[in-house]
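First the structure, in the form of structure tokens, and then the observations on it.
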């Protein structure tokens, strides 16, 4: 219950039901449920995310991180955060209501013209330019995390895995994001910076053009092995040369040669093909017509545990919470949930520590094996995949590698004992 005490100290204890009227449910995911609501004082429409902290212990740090980042942001290109309220074990997070749905929703009725794509990408770039100027990395850019207002305004959302760079920490090395959109340097857990978001933007550009990211037909774990090894994806098909060049610029495997968000705003695909954001209302209307015709009912929650239907049948936006790899509790991510920067962070939830054998045994052994293979002219690809498998397993289940090593040692000891016993009886 320590995490509840921490939240109670940092969030208003005013009964949120006195301040807000909860209306239709417009989304459901691993972080809880999202409702359309009304601010009783201003009569403004808001989004209310309600999380049961007792049921979401594994997500406490992500919730803290999202609130921390959102409370520090002040940009028309970032979803606005209005405050948090704790009622019993339920945390109410009040945010800007964006009734146009996500960019992923807008893809469902069919392909987008390049003018729409360029306009959406321009607004994402403005959001990234702001975040990066604030020394923040989003780390999970994709169509599902781009929301639109009913007027066509485009805003970045879902900051549960966003990272903060300090003056003394120029690059990060935590393994987070969604596999298909993840930059090679993030997968390899090399030091990385804002340029990781630019790679994800390039994948998102392909997603907007094709309806899905590259390698979407493969298992996500397989994709994590392929992205660092393979050549960067390219935009194939009947698309303009400037669009293909934009994608190519984003998807340079060497992050040093990827342009910044500010530089990409000057790219000819952005400067020549974009229109005002009000132009995007055509896509929002298209999606609403498509939904009203009964499409998407069967597959609306196919990729995540979403329920996007309003209870009264109203066509509300689907607030998506797709599967994302989250940072381990021992990453150097600056955490802490606060309404004001002077407040202390909530007590972190204790979790299983990462395996010690990774640094003392696994990595040294793989390093020696790879060196021997290189000297003999052999390929180290299979060894790198196996080494990466340990890291991936550790992210989802900290401590699993140590358990594996204990079992292996016990098995070897039993085998050696049995063998010695047989030898001594002969």
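Each residue, glycine too, has its Cβ placed from N, Cα and C.
Checking 168, 174, 337 against Swiss-Prot for the annotation phosphothreonine singles out 174. Neighbour counts were taken at the CB atom with a 10 A radius for the binding-site residues 26, 34; the maximum falls on 34.
For the recorded site, residue 278 (phosphoserine), the DSSP three-state label reads helix. Cα to Cα, residue 278 (phosphoserine) and residue 34 (ATP binding site) are separated by 26 Å. For the pair residue 140 (active site, proton acceptor) and residue 34 (ATP binding site), the C-alpha distance works out to 20 angstrom.
Mean pLDDT for the domain 'Protein kinase' (20-270) in the predicted structure: 86.
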